[in-house]
Every structure is written in structure tokens, then in C-alpha cells.
């Protein structure tokens, strides 16, 4: 309380004119920087990207705070002490840039005619009348009023509001005009596909395809509405309001075209609703109309798309698929089917207030929602067709395969063991931890203090044939040790993957490990649950083949003798005896075809080099993905996600990246010290001298941003004396940079070519040993350099530092300056590439798709070893076409001209072996370098004369 009173008293204290000007100028510098970043995000980045939207919201709230601070500083100065310079703050032109007012309007308004303070004192109608005189349209007036309303609230509160109140609530439609979404005359192809495959789901009468008619001046926000279960089929009660935890945020001004653009998915305001059931009676009384029945947790899994009872922002668009159970009298038999009436909530016909809708549902999120729901599979709960049931009734057995049975839950205790991680997240509280506990059964990781709130262990009791006989099995598949198939964590099943931190898990929530997670196809119900065996499939249904069969499971092969037709692609829960593993087929290396250089080919623009590349097999792709994903944090199987065609984000990746994120405003960029394919390198300061590498990647490309984050994840775990020290990264587009320690000395490329420096055998061996140490460490961490050369190695007084490892994946996805029929080759790059990479070069093959491996890094080290003794690159005087042909066929330069010894040339030939399996590892290379004969001192050294005199 004392601190709050002190801050309030300081805010009320008057300021002198000089101090107020200093504070306003300081805040104005921050405003200029933030506005430039905001305009860059709005114009150069994709508006549909979630990361871009979040950054835009953050910058807008910061700017509101900055303008409020300028108003407060100006208010503390007495009126008689103010001068013209102070009256110029805050600047109206900068506020109009935030609102995205056209330049024509800005040029018409002069600072003497209108100020921001004048607009704050006006009403909305007066603001519109004033701005329309200068040529502003109604849409700009609506945005200006929304921004001024937010600034008034923040300024009146003195900045004590929450961060959510700083966000400007932008309107999405022009005031004064009615926005009636276009209603299609018939359902979309997506809906027709689902209706044709579901026998009892029919479209309603055309009057339900009615558009919403908002009142003039009210912004219309579209959202996928909820489903309700009603006792009367003709009533459309308004949906309940959203909880306070889900705050609706309208889009930014630059993102309004996304809302207006008609999506390729079905229109949001289209309603497809199965007809309702007859009114239900309970105790001879009808339920009052318009009263929604209470929800039931047991029936929530009947609807495709719901897997567990969790609440997260990433599943907010699935609120339209909720089904509530009516209060029916208790049945004597549990097998009696339940009658449900399902109201489709995709654009309900009633008028919903704007504050209850969420306009941030972009076209991409809606498209993923519709595409993710595939057609109803034959294993959907059967629909009864008896005469006593209405044609508009959907009957579902009580024990559907999608319903978890609570009576089979148990309270098995965890088998915890103490563990240590470099960086890990607690499953219960969502906070980071170094020391903690890990369950041996379900692999749950949490703090010691969180064990009391941890959910029960993931063990289930499964009925098998005779209900009296129970078989206990673990929830993880038997091939858990397979590096390609990693077990799913508890957070993957029940916690949203898009949130960096999650709240504590509800104790009453029963974990359902066998239910499909949020990334699986929600409309498929073919995965068998412990409560019921898999339903039989009709002969016409052709199930997909298993992804990764593992026949080495004797226990599960004995317990589960299910046909292979029920094996689906959710999770490998059961192993079936009739699944035969697919043998691996060796791939054939492509052939290099070198066309003769003629004038015709050059004039026609045809490529001088043509390389036939065969696609790699799926086994190699999965093996490469397994190597990349071997990190401290556990990820979902990448091959399984690609088979599902459903995007997914790892929650812990964002948490790890936050630890190394450095705001771009904190960096002091100095002079340019280097430039390469990855961008420019500047000498800068961030708590000392650092090297700032600005990554020059294309904008509006998710693949490049993901590749950059993957390399940052690889950088963060490197700590070695021969590897450059990673200090952090700027990961807020459009500013992407990697901050490392400043390397002293010169590059090995310049040292080798300096004739004044003597490189004898002892010095070259010492340099090579330092490089081998650093590369061996990177390979032990699972990191490939992919661009090892003398220009990426720094040498200073016998110390070697390796830089730029892993950045080749970022440069590989660059398309700037790339031509369709040209292969970009930098000087000195080809002699560092292994033959298997040379043979894959093609104008059509992207650089990040080249088959880099640990063996290719060893080949590049051989080129550096050659350069240390020859003081030049191999094949330097030859053209690129000749180098590609010679190195692709395994030819080597003439070593007799250099005068290498036998031991030195043997190391070079081992590194340059044509077959990559014959190349040694860096551990073996260290042994070979240590066995090199050391050069003794000359006999004319004074030490020898001293020894001879003693004799």
C-alpha cells in the first residue's frame, strides 16, 4: 500500500517544463520505433499468422501506453508554463498512423488546426464530423473512435488497468452499413459429403439459412457458435456467453481484409441443423422453453472433435460442437440408447451480441476446423431405424467407443524417480524446472511439490471377453524405445499445444490416454477404447495401413488378438499378428549428366548442368526426422503428424524460445564486419561486445520462421570452448537475429593465405585437433554443421572457434534471387561438398533438402586439412561444371604436387572416401591426428650443443 501511495503521489506532483519535455521526447523516440515496427508487421507479414497478430496486439497496447504517458506528463505542467514545443506532444499524425488513416487525410490536417487532446474531448459524432471534413471515410472514423475510446480509458485510469484493457477493440465493418453475410442456397460440398454419409442427419428448412441483420453502427464479429440441446425443435435461444477467460479481440486495421475475404471453406453464417427430437417429459412435466438442459460429461465424447474435458484457447472454435444431455429418467438397463438432438452451431440464425463473438478466428483456423473433420467413418455409433423412433432422432448407444468409462478408472500411484533436465516443463503447473520427478509408468514429469496435485497414473483396466476377467495394461505402446515413435505426454493429450504455459490440471478430470488428442481427426471414431471392442467394419470400408508396425511385443500380441482392419492411424495402441513390416528398399544414386557448353544452350537459357534426382524413400525421411527431434523436450511423431495432415505445435518449444528471446530494441548495432549467404554480421553491444547476425529471410513464410526457430533450439544447448558462445536471438518478425559472442582473431581462410605466417606440421595438427574437438561436440549433440569451411573458423593465438553451424538450413529455404533454370554456386563451396551431395545438386532441388549428414561434415574437414597444407582450395582453377563432374565421380586432386607426407595424405584420403560409411568419425580422426609424428628441433639448436659438450 505504501508503494502504491508513493507512485500516486509522484504522478500528482507537478513537473517543470524542462523535465516534461525530456520525458515527452524520450517517449516519442519509443513511439517512433514502435510505429515503424507496427507498420512493418502490417504490410510485410502475413495477417493470418497467429504470431504476427500477437505482435501487432502487443505493439498497439504499448503505443496506447506511450501516448497516455505523454498526456500525463503534459498535464502535470501548468498552463502558463507550457510552450509551443510541449503543445506539440502527443503528435496527432503518429496516432493517425496507428489507426491507419490514409496519407491524403494526414496531408490535409495541420498541427495548428487539430490536436489529439481536442479529439479526446469530443464525442464520437463530433469526431466523425471533424475528421470527415478532411476527407476521412466512415471506416476510418469508426477505427478512430475505437482507438480514442481505449486511450481515454487508459488515460483516466492512470495506467492502472490490466493489459487486456490496453488493447484497441477495432471494428470489422463500416458503421452505418448493414453487413449481411451471403447465404448459399445449398450446403457446401463439405457439408453435403457429411450429410450423405450420415443416414439420419438432414438439412433443415431454408428459413434457417437466414443472415444476421445487425443494427447500424454496430460492429459485426463472426464466430462459430455453440450447439445446444433444446426440448423444442423450433426454438433458437441465444447461446450462453463465453467465460471471462476467453476474451474476444477484434482484428487490427491492416487485418480487416481477412475478415471480409470470403473463405474457401463453408460460409460461417450457414446453419446445418438436424431436426430435433420430440419434447421429453420428466415427472409428467414439460421443461420450460428456452432453458438449456444441464451438460453431461459422459456424453461429451459422442461428438467428433471432443477428446477430453479441457479448456483452452486453441479449442475455442470447437465450442460449436458441444452436446448437452437432457434430463432423462434413469433407465433400468445400461444398454438403452440415448436420444440426442444435435444443433449445428456454424453460424446460428439468431442475432448474437458483438461482445460474445471472437473475430480473431481467421480463415486459416476455420479451414483447419472444417478440413480436420473428415467424413463420418463406418464405425460411427449406429443409428437406430425402428418405427418408434422419430426420423429426426439420432440414437447412440450409451457405451460408445468415444465415451470414457468412469467405473474403470483407478487410483494407481505413480512410480516416481528423481531426474535432472537441462530445461523441462512441469506437466502439472506448466512452469520450468531443472530437478523433478518422472513416473516410470506414464512418464509424467513434475516438481516435488506438484505430486499432490498430479493426476492419477495412466493405467487402465480393460475388459477382455469375460467381464469378470480383467487385464491391466499400460497406456503407452510397447515400442516406446523406438526413437521414431515417442510416447505422448500427458500434456499432449489434455493441454493445449498453442499456449506456452498452462494452468493446473483439474483433479476431477479423469485422464483418457487412449482417446485421440487434439491434433487427431475428430470425426473419426475407429480407434478402440478400453470400454468396448472395436466395432466391425463393413466389407466396403478399406482401412489405412499401419504406420510403424512393431512385431516385437509378445505381451500385447498375446492379449489383443484383434484383426488388422481395426488398426487406425491415431496411436499405435495394439500390435496385430498379421501385420507384416515393409522391407526397406535401397535407393539408387542419381546420375550426373553434364551437357557440353555451347553457344546455343547459353543463348536459349537452358541450364548447363542437369541432374536426375530420384525422391528419397519414406524410411530415410523418418530417420532424418528422428535425428532432428532427439532433444530434451519430447515431440509428437513427425511422420504420424504428416500422415494426419493436421498442423500441431509443441508447447514446450515456445517456452524454451522465450528463455533466449532478446528484444530487438535492446541491441546496439554497430559497424558491418561481415556479409554472407545468411545475412549481414554487425559488431554490436548487448551487455558487452557481441556479434549480431541479422537473418535475411523472406517474409510471410512459416517454413522459414520454423527453420529459424529450430536452429535457435540447436544453438541454445551448445557450450564448448571451440564453439562460438550463443547468447540469444531476436525472434519477433520482421527482426530476426542471432546474438553470439564476438570472435577475436582472424578467419582461418585469411590465416592460411597469409605468407608471413608459417604453418608447420605441429601448428596444422593443433588447428585440426581444435576443429575436430568442436565438431565432435556438435555431433554428440546431434547438430550438423552443413557448411564447415575455413571462412567459418576463427583462429587467434592457437585457439580455434567454429561459427555458423546449422545456419545452412535457413539459407536453404531462401528463394530471393533464385532462377528456375540456374544453380547458384558460391566460390569455394563445391570443394567442401561430399560426392553424395554433389550428385544431388540441381536447380530444382532446394539447398535445405540436400542429404547432409555427419559423414559430409567429415568430408568438409578433409578439405580444410588439404587447405592447411596446400594453402589453397582443391580444383581452384577449374570451372564449376568440371568440379561437379570430378567430385561427383570420386576423383581427387594430385597430392604429389603438394609434397604431403604419407601420414598426412592418409588422413586426407580417409576423409575424402567416396563411400560415406568408410569415412571416420571425429573421434577416430582425433586418434589419427595424435599418432602423427611430431617434428623435433633442429640439431643446430643450442640445446644439442650443450648435450654434446657434456658427452
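Each position is counted from 1, following the chain as shown.
In case you wondered, yes, glycine gets a Cβ from its N, Cα and C as well.
Looking up 418, 498, 587 in Swiss-Prot for phosphothreonine, the annotated residue turns out to be 498. Between the listed residues 273, 585, Swiss-Prot assigns phosphothreonine to 273, with no corresponding entry for the rest in that record.
Comparing 277, 291, 529 with the features listed in Swiss-Prot, the residue bearing the annotation phosphothreonine is 277. The Cβ of residue 414 (Zn(2+) 1 binding site) has 437, 439, 441, 442, 444, 451, 454, 457 as same-chain neighbours under 8 Å, each 6 or more residues away in sequence.
Listed in sequence order, 681, 682, 683, 691 are the same-chain residues at least 6 apart in sequence whose CB falls under 8 Å from the CB of residue 673 (ATP binding site). Across the binding-site residues listed here (439, 442, 457, 681), the residue whose Cβ sits among the most other Cβ atoms within 10 Å is 442.
In this model, the domain 'Protein kinase' (667-932) carries an average pLDDT of 81.
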